[in-house]
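According to TrEMBL, the protein carries these features:
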| type | residues | note |
| --- | --- | --- |
| TRANSMEM | A:12-33 | transmembrane segment |
| TRANSMEM | A:45-66 | transmembrane segment |
| TRANSMEM | A:87-106 | transmembrane segment |
| TRANSMEM | A:112-129 | transmembrane segment |
| TRANSMEM | A:171-188 | transmembrane segment |
| TRANSMEM | A:200-222 | transmembrane segment |
| TRANSMEM | A:228-247 | transmembrane segment |
| TRANSMEM | A:277-298 | transmembrane segment |
| TRANSMEM | A:336-355 | transmembrane segment |
Amino acid sequence: MKGKDFVKKYTMVLALILVFILFTILTGGRLIMAQNISNLLLQNAYVLVMASGMLLCILTGGNVDLSVGSTLCLSAAIAAKLMQTNHSSATAVIVALLISAVIGLWQGWLVGYVHIPPFICTLAGMFLFRGIARTILDSKTISISKEGFLNLFTSYIQIKGVDHLGNCPSAMVIGIIIAIFISIFMIADRGKKAKQGYQVASMGSTIAKVIIFDILIIAYSYELMGYKGVPVMVIWILVVVLIFGFITEKTVFGRYFYAVGGNEKATKLSGIDPRMVYFWAYFLMSVLAGLSGLLVGARIGSVDGNMGNSYEMDAIASCFIGGASAYGGSGKIPGVMVGAILLGVINMGMSILGLPDQYQYIVKGAVLLAAVIFDVVTNHKTGKS
Amino acid sequence: MKNIVKEYPGVKALNNVTFKVERGEIHALVGENGAGKSTLMNVLSGVIPYGEYTGDIIYNGKECQFHSINESEETGIAVVHQELALIPELTIAENMFMGNERRNKFGVIDWDRTFKEAQDAMTRVGLKESSHVLIKDIGTGKQQLVEIAKALSKNCKLLVLDEPTSSLNEEDSKMLLDMLLDFKKQGITSILITHKLNEVAYCADQITILRDGQTIETIPNPNHTIDENRIIKGMVGRELTDRYPEREHNVGSEVVFECKDWSVFHPVYTEKCLDDHVSFKVHKGEVVGFSGLQGAGRTELAMSLFGKSYGSHITGHEYINGKEVHLKNESDAIKHGLAYATEDRKTNGLILDETIARNTTLARMEKIANRHGIVNVPEENKQAEIYVKEMHTKTPSIQQHVGNLSGGNQQKVLLAKWMFTEPDVLILDEPTRGIDVGAKYEIYQIINDMVSQGKAVVMISSELPELLGMCDRIYAMNEGRVVGEFEAKDATQEKIMSAILSSNNKNVSQAG
């Protein structure tokens, strides 16, 4: 691949690497301390989870879901309230997710079948669901103390006798196992495709990719080892990301999102019902927002009426920074992940440097704008002409 | 207009056209779809600005170079387009002076002047409504008159009307033509573009015929007694120099597709009938053509038959392989062996930002996915490669975005997509539109291959030579009705065009 094409394809990854190095230097190395690296994913768990769903909405045509921050709050509020009134953690989790699913059915139906413009529908949802959440909370802050619930989301994998605070070899072991699996998978997958006559990348570039992944995983595991080990929340993130990555990349169902966003009329004339596609995008988005509510609630340890405020913006920004087209039809999960982590690194870096909030806002906005301008200009994407 | 040449990539829309209009006359401009009439008027009005064409425009003895519509309007040339450019939610007066507002010297709109002057303009065309009425609240006939009033309000001396009566009933059409004759007395010159030869005979003083971007002839009509056949002869009399690939005509006796009494109404203007009790049939191994002019209802017919993807209040019977079917949607249609390659491959046929491979399989992804819905990408690529090879689609790889291909190759991908669904009947809507001669030949070969594989093809086309060269039978449609059926070997361009343009418009029944 020529140099220029390489830069175009991996722009955001390169940007992430550069920003990472930049902040590592600026913070005098504090960025890569075990505790901070460990917290990087935890603080941004909700972004990664929600952006996976937001990608589906954006794929359908640049549509977003503005209500997710409020759904997140509502889900957390319901769970907290149930646990406060002595229901089990399990009940709390299940009911919260069910309510999120109902919201998903509601918005999915309105957007997909009643043809309400998504922007307006989810804007209304943004007010509605937050209002309901605040009613449940009765303008109070409810703390979450049930062990079961907190462990489900915020605990670390620590094997008794092996792992202590500051030294968790289990993290490294898990990391190595995952690295081995990924390496075998990537090489075997290439072999399988080659055998079936599909054009594959050169063995050299595949090996290079495998090595880079391995290094990253091992490095990350090393950091985790130096703190508390593998956080359970990372598992949650991985599960969601892998499922949605799989759906969008490998399934017929996932392909439909790209088709509808690429050309809805042509897709309809190809025998695919666009209404169903819109429905599923908004349904899944709400469910993921509900899950995020539980993740954030567990992490903070309490729920108040402002929780989740403008979280939808983080999810949306991650998708666009990660290369999703503002007109729909393109964007991938790995890109979204890179976008989310990039924002996360910038936030964390600026926090470590002690920069006040307002600067973080400015940088966030600038990065988003730069990413989209770069994307449009280099790909000459002038939208539907 | 002298020696006007306008080229687009791959096609010469206007090839040395010379067109003279005398002051104070009504001059008709006729020709088939794609003859160049609209393009010529776009050059005249400045839509195609000076610099993007060659040749001279001489108006009132002076050479003119229009860089925009404003410039042509300032000299007194006004064009009323076929597609009404009115905003339904605004009043007649606001539409009348859109872009030409009545304002005082501070740039503030003078509403009193606006509504009054609009009312005056409306009286000139016989509109009695108040200028405060919204466009959406008056019928198409009156909207057309608003457009004309708009043109008049710009002090026009040369009025160009593009298919002005296409949406009007007989009564309104006659009123409009009489109005043109009236304008003549007021010293306004008119250019009338129309397919309705009876109208041409009624009011035109001269008739210029365009064909394939060239001026064929100008016929005088001083006593308004011209014979329509004379015009038709001029319109279609071309040599059949285009070559069409040979094929064996193996038309089976079984009817694979039939529709009876099929009627379709407009999805929004639900009283407007687009197809009126249409009946036709297609045999196995046959290529059936549908000829007609804009607005004949062919595309609407095809789309409504294809799983009701267009139209409202659809009635009639549809039979596939002898059994009646009730197709609820496009997916249903595909499952029953129908395929429809759209008229506009870019807007609703292909996903331009997707690869050839992914476009090829879109309409029937089950073929390349396992039962859990997981796509077998290598298999998908293999299938796409097969079609690219068979159809000689020129592309560096199947991962190329379809938007980067030339028109002819895009069309091949579209055809490949529908062949991939393994249909019994393929409906191809203008399959060679906007494609250069070389690629056209290849498309014809592909169509021949389809038929030799036992499929039946319905070909909708505006090019009579193409239909004559490729089809076994040809239906002619006009204004939503079938007005003729011809065995290709007995048909001529004149016979078909005559059937279409004959002002009697008898409904030819297709029973049996």
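Glycine is treated like the rest: Cβ placed from N, Cα and C.
Bear in mind that TrEMBL entries carry predicted annotations, made automatically and left uncurated.
Here the transmembrane segment (A:277-298) touches the transmembrane segment (A:45-66). Their Cβ atoms form 3 or more pairs under 8 Å, with each pair 6 or more residues apart.
Listed stretches A:45-66, A:171-188, A:200-222, A:336-355 were compared with the transmembrane segment (A:228-247); the greatest number of C-beta pairs under 8 angstroms is found for A:45-66. The list of residues near the transmembrane segment (A:12-33) in space but at least 6 beyond its ends in sequence, with Cβ under 8 angstroms from a Cβ of it, reads 223, 321-323, 335, 338-339, 341-342, 345-346, 348-349, 352-353, 371. Listed by sequence, the residues of this chain that lie at least six past the ends of the transmembrane segment (A:171-188) yet keep a Cβ under 8 A from its Cβ atoms are 157, 163, 206-207, 209-210, 213-214, 217-218, 220-222, 224-225, 229-230.
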